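S.K.: Heads up, here are the entries from Swiss-Prot:
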type: CROSSLNK; residues: LYS106; note: SUMO2 cross-link
type: CROSSLNK; residues: LYS129; note: SUMO2 cross-link
type: CROSSLNK; residues: LYS133; note: SUMO2 cross-link
type: ZN_FING; residues: 195-218; note: zinc finger
type: ZN_FING; residues: 271-328; note: zinc finger
type: BINDING; residues: CYS274, CYS277, HIS301, CYS304; note: Zn(2+) 1 binding site
type: BINDING; residues: CYS293, CYS296, CYS322; note: Zn(2+) 2 binding site
type: BINDING; residues: CYS325, CYS343, CYS346, CYS369, CYS372; note: Zn(2+) 4 binding site
type: ZN_FING; residues: 325-375; note: zinc finger
type: BINDING; residues: CYS328, CYS331, HIS351, CYS354; note: Zn(2+) 3 binding site
Amino acid sequence: MATVIPGPLSLGEDFYREAIEHCRSYNARLCAERSLRLPFLDSQTGVAQNNCYIWMEKTHRGPGLAPGQIYTYPARCWRKKRRLNILEDPRLRPCEYKIDCEAPLKKEGGLPEGPVLEALLCAETGEKKIELKEEETIMDCQKQQLLEFPHDLEVEDLEDDIPRRKNRAKGKAYGIGGLRKRQDTASLEDRDKPYVCDICGKRYKNRPGLSYHYTHTHLAEEEGEENAERHALPFHRKNNHKQFYKELAWVPEAQRKHTAKKAPDGTVIPNGYCDFCLGGSKKTGCPEDLISCADCGRSGHPSCLQFTVNMTAAVRTYRWQCIECKSCSLCGTSENDDQLLFCDDCDRGYHMYCLSPPMAEPPEGSWSCHLCLRHLKEKASAYITLT
């Protein structure tokens, strides 16, 4: 049986030109990435490669330093263009360059006759500005080269890859998106790091990071300054109790074991200062009556505790407990504190499984207990949220 041999595949001229253009674009992008990334990871071989620095120019030639050397080349010359070296040997001097600056140089500081380049490099004070301008020129050329390639290299990545002088400040972003990125930096940081330290203002991406910061930074400083008595870390009382009971996770165990001072009759002696602002009244700037915990004696201003008007009046009618001593008002235990639900009108705590009927998940918005619903009626936070 005869076998049919297919003829060679004929490609159109347009297809061939497009393939050549794609090949040229890929090679140009590959060379640009190899010169910018240190090292460059070759996707075809999986080998990390570095720039070889073997390509030199005539202007990079310097005088020989060792016996028998005619030329020497500087290291990594592609990062910064060197000025023309003045060769002392007349046989090696280019005929097109006639520089008459040797005599003034010798008169000024008694520079050596041999390698003039080393003497010029010693005068760093007069050449720093020129070198900075040369570096900026190289950076501009490389960035302009990248704009011609159809790829998505970020301008910020380019700035990180191009080396800078050790004591030089970070340059401004170049390109069309540079201004927009600087303007959106604050909003991106607020969105990526929503957890803020209320003492120093440092931001974190998650709550465990903020908890670690509180425990190992501010708590350690406080324990080093005041070994006799320990103050509680500040916490924010929020109307959203679902977020509020999650804050119990970052309270240190050492702070839970705070021993209260008791009077001879057995009653707890409350602190005479606010544990959060230490008496400064930073929230309002006005004097306020302190609210003290019935179990540990810690005190705080209503504004520092972020209490509402109804909550401030309600906590004085019963034995109020701070966040570290809080227990369920129905069963009287502080176990399973992650299940505690706090009333937004009186700050009493209730286990969700102790309520009638029990709750599987905390409700959205404000929540009022049965006592506040009976006493405040339409003025309760739960009714205000619904309306």
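Every residue, even glycine, has its Cβ placed from backbone N, Cα and C.
Help me understand the surroundings of these features in the structure.
M.R.: Residue counts for the zinc finger (195-218) under DSSP, split into helix (H, G, I), strand (E, B) and coil, are 12 helix, 4 strand, 8 coil.
Within 10 Å of the C-beta atom of CYS277 (Zn(2+) 1 binding site) sit 16 other C-beta atoms, taking all shown protein chains into account.
Just so you know, the Cβ of CYS293 (Zn(2+) 2 binding site) picks up 25 other Cβ atoms within 10 Å once every protein chain is counted.
Listed in sequence order, SER329, CYS343, ASP345, CYS346, ARG348, TYR350 are the same-chain residues at least 6 apart in sequence whose CB falls under 8 Å from the CB of CYS369 (Zn(2+) 4 binding site).
Broken down by DSSP into helix, strand and coil, the zinc finger (325-375) contains 9 helix, 7 strand, 35 coil.
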S.K.: Let me know how many other Cβ atoms fall within 10 Å of the Cβ of CYS372 (Zn(2+) 4 binding site).
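M.R.: Excluding its own Cβ, the number within 10 Å is 22.
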S.K.: Given the binding-site residues HIS301, HIS351, which one has the fewest other C-beta atoms within 10 angstroms of its C-beta?
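M.R.: With the binding-site residues HIS301, HIS351, fewest surrounding Cβ atoms within 10 Å: HIS351.
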